[in-house]
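To start, the structure itself, in structure tokens.
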Amino acid sequence: MRENKNEEEQHHFCTSAVSSKGCNNRSNVSAENAASLASMSDADPIAGPSPMNVESQLRPEHGTFICPECGKSFSRKDHLVVHHRTHTGEKPFPCVQCDKRFSTKSILTTHLRTHTGEKPYSCDKCDKSFSTNGDLNNHSRTHTGERPFPCDRCGKRFSRKSYLKDHSRTHTGERPFKCPICEKAFSTSSNCNAHYKNMHNEK
Ligand SMILES: [Zn+2]
Ligand SMILES: [Zn+2]
Ligand SMILES: [Zn+2]
Ligand SMILES: [Zn+2]
Ligand SMILES: [Zn+2]
């Protein structure tokens, strides 16, 4: 890893080699820091108030940014920074309305709409609106009939990721939902609810 040259080393080299030219590395280094800090706070939409010790060490290799944890490569540093938080679990953006914290500003912004009730995404086929783009996309598929989530075991397709998740339990045999009365186990909450209504609901 020759790319990760120590700035300290460069400093010494520079001072001894070109000291006659009055090379002032101290100002060079602080200017560099200031520049990166400025780009973080102004232009960078994912920058947070955290110290970002690890994140500040993320450097490009051959024009791409490599995640030091898993080796995944990214063309933009901000993408890597966001990805890297999935390893560190760092969530520098707290919600002012509740206790939740978020890893990126855009997720926080989306979350804030659950407090404000704001729904800027409206369906162009009916008059419903949604607080997130994802919710609108889920809804749009009820109009288009699109099923973008295929089961990798049987090829059956689903309009929502959560439906696919429910379905994949029929392959794994996993039954995480239990009837509170007879303790019978079910793979989906809707099956469990149906059982409860049919078997235990007193009329
Ligand atoms: Zn990674
Ligand atoms: Zn909140
Ligand atoms: Zn609609
Ligand atoms: Zn399947
Ligand atoms: Zn039961």
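Glycine is treated like the rest: Cβ placed from N, Cα and C.
Residues or ranges marked as region 'Disordered' in TrEMBL: 1-55.
Among the features that TrEMBL reports, compositional bias 'Basic and acidic residues' is placed at 1-12.
Look at TrEMBL and you will find 16-39 tagged as compositional bias 'Polar residues'.
Summarising the annotation, TrEMBL assigns domain 'C2H2-type' to 65-92 (among others).
Positions annotated as domain 'C2H2-type' by TrEMBL: 93-120 (among others). In the predicted model, the domain 'C2H2-type' (93-120) shows an average pLDDT of 93.
For 121-148 (among others), the entry in TrEMBL reads domain 'C2H2-type'. When the domain 'C2H2-type' (121-148) is classified with DSSP, helix, strand and coil residues number 12 helix, 4 strand, 12 coil.
Beyond the domain 'C2H2-type' (149-176), the same-chain residues lying 6 or more positions past its ends with a Cβ under 8 Å from any Cβ of the stretch are 138, 141-142, 185-188, 190. As annotated by TrEMBL, domain 'C2H2-type' applies to 149-176 (among others).
Positions annotated as domain 'C2H2-type' by TrEMBL: 177-203 (among others).
Sorting the domain 'C2H2-type' (149-176) by DSSP state (H, G, I as helix; E, B as strand; all else coil) yields 12 helix, 4 strand, 12 coil.
Helix, strand and coil counts from DSSP across the domain 'C2H2-type' (65-92) read 12 helix, 4 strand, 12 coil.
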